[in-house]
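What follows is a single structure, written as C-alpha cells, with notes after it.
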Amino acid sequence: MGREEAWMSAGIEERLRRVEDELELHRLVARYAVAVDDRDAATLSELYASDAEFDGRDRIVRGRNAVVNYLCEQTASYGPSIHVPQSLLITWFDDGHASGLATGAAELSLLGKRLLCAFRYYDDYVREDAQWRFRRRDIQFIYAAPTEELAEIYAGELRKRWPGAEPAPADIPETLSTWRDSKGL
C-alpha cells in the first residue's frame, strides 16, 4: 500500500491532523515571506529549527542564528520588497518530518533597480517544540532581473542578473532532468 492509500485508509483523527499540518506548513511559508519583507528577524528566528540550514545564492549557512543573520544581511541593501508564495507541494515522511517544493515570485528594489524574481524553494520541515519549522531551505532561481531587462532574459540561460554582478545562468529549469529529457539533452 502506497503512502497516499495508507493516508486515505487512516482514521478521521489522523487525517484531520494531516490536514492541520498541511495548513500549518502553508502558513509557515506565508509567514516567511512577510517576515522577509518586513525585515522581521524575531519572526524569522521562530520559523527556523535550531539546526537549520539555508542554501542561498552564494553560500550555505548552518544554525538558526546564522540563517537569520544571513537573511538580514541579504535584505539589508534592499528597498521595499514583496515576496509572494504561489504553490506548495508537500511530501510527508512521518508525523514530524516533511519536505516541500514552494514556488514564488518577488519584487524588490536593489541598488536603485527594481527587480522581478521567480524561484523555487526546496524545503525540509521538522516539528520542533510542537510547531513546524524550516529545517533546510534551498532557493533556486528561474530568473532574477531588473524590470528593464525582462523582455530579453528568456532568450538564453543568463537569467540571473543581480545589480552589480555579472549575468549568470539560471538555476532551473535547465538543470532539471525532466527539462533536459524534454529537450533531448
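Glycine residues also receive a Cβ, built from the backbone N, Cα and C atoms like all the rest.
In TrEMBL, annotation is done automatically, which means it is predicted and not curated.
Owing to the predicted nature of the structure, the values given are computational and were not obtained by experimental measurement.
Feature annotations, reproduced from TrEMBL:
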| type | residues | note |
| --- | --- | --- |
| DOMAIN | 17-138 | domain 'SnoaL-like' |
| REGION | 165-185 | region 'Disordered' |
Residue distribution over DSSP helix, strand and coil in the region 'Disordered' (165-185): 6 helix, 1 strand, 14 coil
Beyond the flanks of the region 'Disordered' (165-185) by 6 or more, those residues with Cβ under 8 Å of it: 120, 140-143, 157-159
Average pLDDT across the domain 'SnoaL-like' (17-138), rounded to a whole number: 96
Counts by DSSP class (helix H/G/I, strand E/B, coil) across the domain 'SnoaL-like' (17-138): 42 helix, 66 strand, 14 coil
